[in-house]
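One structure is given below, encoded as structure tokens.
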Amino acid sequence: MGYSSSSKFPLLMPLMVACLIMAASGSNFHNDFDITWGDGRGKIANNGEVLTLSLDKQSGSGFQSRNEYLFGKIDMQLKLVPGNSAGTVTAYYLSSKGSTWDEIDFEFLGNLSGDPYILHTNVFSQGKGNREQQFYLWFDPTTDFHTYSILWNPQRIIFSVDDTPIREFKNMESIGVPFPKNQPMRIYSSLWNADDWATRGGLVKTDWTQAPFTASYRNFNADACVWSNGASSCKSNAPSSSTSTNNAWFSQEMDSAKQQRLQWVQQNYMIYNYCTDAKRFPQGLPPECKMS
């Protein structure tokens, strides 16, 4: 399956001024993130406008946000490793700490030149994941920057690519499915070697003659509630606080046009869905699968 061009689709809504804004035009990686590992392989350039991670045979690299968030709309533009990226993984995710952590994952699994990347998504709640959905993209993610977004509010998590939703994970605590809502999470990203599993189940190994491998980031934006010293920057976590335009993302859901785009992606580009993998769950599919 190759890439095809795609037009841009309208934003769900204009970017709102939320409880805290780090606007794309004013975001600065020096202020918002720390490079946490890689011994110089992670770099911030252009006066804080661009961050790059690189991977060679000795090490990968990674960064994390200085802030923790408890709900928000998080956007980042990424340009992935070009050419023969087989064996490499670029991970971009939200995660809390501890043995019962919450996590919302984008992972980009590299491939041989000309073969499509696989976008791997997962949601962990209280330390339990196993909710993988995987997609091809409808464009080549290595030739330009594209926007990868996570909308996380008390009702749902929506993964989007260039403002097109690809996955929705709803709050189904009413049927006993844990939902990430109590643990603040940081933003993390890393570029690392995973050739034991990343490409065709580990059959294709990393070609180190192509190193260093580099992924690039820009235009970080967080309309989000920042968690600091045990308190949220948002005045209230009650849904009533979302009636103003300032907190529109807090109760945001997909309109019919977005639902149609989601169906289009899932029908044409989804290549794995845990909710249809009956062999993996011989005791029965997870309860949220029966509701979707």
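Note that Cβ sites are derived from N, Cα and C of the backbone, with glycine treated the same way.
Unlike curated records, TrEMBL annotations are generated automatically.
Over in TrEMBL, the protein carries these features:
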ACT_SITE  Glu103  active site, nucleophile
ACT_SITE  Glu107  active site, proton donor
DOMAIN    4-217  domain 'GH16'
CARBOHYD  Asn111  N-linked glycosylation site
SIGNAL    1-26  signal peptide
Does Glu103 (active site, nucleophile) have same-chain partners at least 6 apart in sequence with Cβ under 8 Å from its own Cβ, and which are they? Tyr93, Leu94, Ser95, Ser96, Asn122, Val123, Phe124, Gly129, Pro180, Met185
Name the residues of the same chain, 6+ apart in sequence, whose Cβ is under 8 Å from the Cβ of the residue listed as 'active site, proton donor'? Val89, Thr90, Ala91, Tyr92, Tyr93, Leu119, His120, Thr121, Asn122
Asn111 (N-linked glycosylation site), Cβ-centred 10 Å count of other Cβ atoms over all protein chains shown, is 20
